[in-house]
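Worksheet: one structure, shown below.
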């Protein structure tokens, strides 16, 4: 086939670039009549800041508040030809940029909940935030979770109102009907006396007394194990058949066991009587018995109290020496009462909550430690058998587990040590792996504790009472207008009165622009709904503008 061949221009060919530019200019000229037409411009006044865009930009994200704008809405000002929204202007700038570019960025100068409220108002999804801003945006969620945990710990909490107390005890119906009897009014006070140390002065005294009794009980348990505070029980052996002056001759003595001073018995009895009284009182005055019995502190208190009475019963019944070990084991349970101090010290509550928040990291730490213990116990067992070693202490892998645990934890008692050079290499690697394994989750635990402690300290410094802000539906109509007092003239203002339309007009930067507002008020609006600048020296235009304003 003869003829001229057509060469397709390359991407970097100047001819292709000029052709593409011509096409773009042609397409742009076609679109200008539909998209860039002044009729499609929309003015949005958000919090006093005016924004201008096109209708097709707002239609990019359907089913949102901005995509359904019509002049029939209540917030449309037909005089100024704008939509007014009393919302945060800084957040709206990011939202409008989302419509223009399709990328939602998070402003760093606002709080996360405020940003979420604004997105909810405009009908947007918070999950569309860009990855570059996602970590910064989600920090407020972690803060809210931390504050919720601190709120559940009841650290320096404000005293509950009568309505909250009635709901807590399930008496809200009687409270609303004003039919609370004497017992319903007294029981919450008695419960606060034993549960909330900050409820009254008497509750604080009861709290201090409870701490003293717990400490005395623990000190008594530790002191009676000291040899100075124990009395030996000695059995004297006499020689049979030998009588000296009508008396048997003693030839020896055996110390069977020792017992603590009798004073410790009375100290423990007084302390446990107090614990029993406190437990019964809390059980009797608590709002919910099932919830109270499921509390960890209540379970510890019941176990310690029951263990004391079982110990006392065994002391009265059993007289054999074999029972002493059992009695000592039961008396050891009273050490668990130290957990009761968490009711009185907020730092202990934060520490316990830190371990709860770091449970995943602690579980991962335990898993890696167990894995390292088993691996290095097997390695050191076979390493010590690789050479002639008559002093080999690692006779089996279970025996090497103890050595591996002590080495991984970097304690190193030295009771078991490898003797071969290969075993020493295994021991060195085990020690280094132990340091790395234990050090990895420590920053996470420290960060959790610091986060909880800092937020609890910041919360404790907040004012107890804050000024209440009325909601929109709570504002009375008489508060919206100035009410004149009869018989008393109203004070005149030195500034000249401005028309209402000028009061609603604000500048581009959010400030009042009276001059421009007057000019906007004097300009008539065409049939298409657009404002055209008029000549200020034209009387006809002035009359037309005044007629439109009066209408």
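Just so it is clear, glycine is given a Cβ too, placed from its N, Cα and C backbone atoms.
Unlike curated entries, TrEMBL annotations are predicted automatically.
What TrEMBL says about this one:
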COMPBIAS  525-535  compositional bias 'Basic residues'
DOMAIN    40-140  domain 'BTB'
REGION    480-551  region 'Disordered'
TRANSMEM  205-223  transmembrane segment
TRANSMEM  264-285  transmembrane segment
TRANSMEM  292-310  transmembrane segment
TRANSMEM  316-339  transmembrane segment
TRANSMEM  362-383  transmembrane segment
TRANSMEM  395-414  transmembrane segment
TRANSMEM  421-446  transmembrane segment
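Beyond its flanks by at least six residues, the transmembrane segment (395-414) meets 369, 372-374, 376-378, 380-381, 427, 430-431, 433-435, 437-438 of its own chain at Cβ-Cβ distances under 8 Å. Residue counts for the domain 'BTB' (40-140) under DSSP (helix as H, G, I; strand as E, B; rest coil) come to 44 helix, 20 strand, 37 coil. Listed as Cβ neighbours of the transmembrane segment (362-383) (distance under 8 Å, sequence separation of 6 or more from its ends, same chain) are residues 355, 394, 396-401, 403-405, 407-409, 418, 420, 422-423, 425-427, 429-430, 433-434, 437-438, 440-441, 445.
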